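Colleague: Okay, so TrEMBL annotates it like this:
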ACT_SITE  14  active site, charge relay system
ACT_SITE  59  active site, charge relay system
ACT_SITE  252  active site, charge relay system
BINDING   59, 60, 159, 176, 224, 250  urate binding site
BINDING   60, 159, 176, 224, 250  5-hydroxyisourate binding site
BINDING   250  O2 binding site
Ligand SMILES: O=c1[nH]c(=O)c2[nH]c(=O)[nH]c2[nH]1
C-alpha cells in the first residue's frame, strides 16, 4: 500500500523567454532585451494527483503572453513583470500568485565616426581582450584579440539569394536583426613587432572602434560580408597588422508570430534563440604577409 502524501510548495511556468523588443517608430531605433521567467502558483493539486489539467495554464501560453505583452513595449523590467503578475492572477481565478523574474541586458549605441548610430548597438559589459606571444628561433609573433564583443543591428541587414533545396524553409529577407558576439584575433607584422614601434593599447582601441564601425556602417547581405567590411577597415587603417581572423556566432532573432493574439508584428518583437546558431568563421589577410610560423597553433575555433 502506498503511503499518503501531500503536495508541498509548487510552481510552474516557462523559464528564460528571451524577448527582444525593437521600437522603430522613427529611424532611431530603441532596443529592450530581456530574459523572462514566468511561474504560476495556486491550487494545482488535481494536476499532480489526478492528472487533471483543467487548471494548468500551459507554460506555452505563459511564453506567448510574454511575447504578446512585449508588443506594447517593456518600459522597465519591474513594470513588465508587474503587468504579467496582474494579468495571470486576474485572468485565472485559481492562480493566486506566482513568481516572475527578468534579467535585462543593456545595450549602448555604437559610436561610428564620432556619432551615436541609429540602429547599431553594442552590449554593455563589454569584451574580453586577449593576447598571445609566440617566439620561434629569431621570430617573435604577436597576436592580439578580443572575444564576446556582442553587437546588434536592428535593421540594414538581410539574407537573400541563397540556394534552395527540398530542405530549405528559410524565407528570404531584406530586413532582419543581425547580432553576433565577435571573437577576432589579429596578427602584427613581424618587422613591426621586432622594431618595437607598436603601441598595443592604442592599436587595440583603434581596432575595436573600426570593427564596430565596420559592423554598423553598411547594409549587410550576410554576416560573411560584414566580416569582410570589418576586416577591410582594420587592414586599411593598420599597416602593421597582417591578418585578422574571425569567429562569429550568428545569434538568430526570429520574428514572433503575434497574429494568433490579434496583434501585428512589424519586426518589433523577436525571440532571441541561443542555439543552434550559425557559426561564421573567416580569415582575411594581406596579399603578401609575413610568415606566421606556428603562431596560430593552440588558438581554438579559428580556421
Ligand atoms: O548571414 C548569414 N549567413 C549565413 O550563412 C546564413 N545562413 C542562414 O541560414 N542564415 C544566414 N545568415
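Each Cβ is built from the backbone N, Cα and C atoms, and glycine gets one as well.
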Colleague: Do you know which of the recorded positions 59, 159, 250 end up with C-beta under 6 Å from ligand 1?
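Modeller: Cβ under 6 Å from ligand 1: 159, 250.
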Colleague: According to DSSP, does residue 250 (urate binding site) sit in a helix, a strand, or coil?
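Modeller: Strand, per DSSP.
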Colleague: If you count other C-beta atoms within 10 angstroms, which of the recorded positions 59, 159, 176, 224, 252 is the most crowded?
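Modeller: Counting every other Cβ within 10 Å of each candidate, the maximum falls on 176.
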Colleague: Can you grab the distance from residue 59 (active site, charge relay system) over to residue 14 (active site, charge relay system)? Cα atoms, rounded to a whole Å.
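Modeller: The separation of the Cα atoms works out to 5 Å.
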Colleague: To the nearest whole angstrom, what is the C-alpha distance linking residue 60 (urate binding site) and residue 14 (active site, charge relay system)?
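Modeller: Between the alpha carbons of residue 60 (urate binding site) and residue 14 (active site, charge relay system) there are 7 Å.
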Colleague: Around the C-beta of residue 250 (urate binding site), how many further C-beta atoms are within 10 angstroms, looking at every protein chain?
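Modeller: Residue 250 (urate binding site) is surrounded by 17 other Cβ atoms within 10 Å.
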Colleague: Using the alpha carbons only, what distance in Å do you get between residue 159 (urate binding site) and residue 14 (active site, charge relay system) once rounded?
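Modeller: Taking the Cα atoms only, residue 159 (urate binding site) lies 31 Å from residue 14 (active site, charge relay system).
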Colleague: Can you count the other CB atoms that lie within 10 A of the CB of residue 60 (urate binding site)?
Modeller: 9
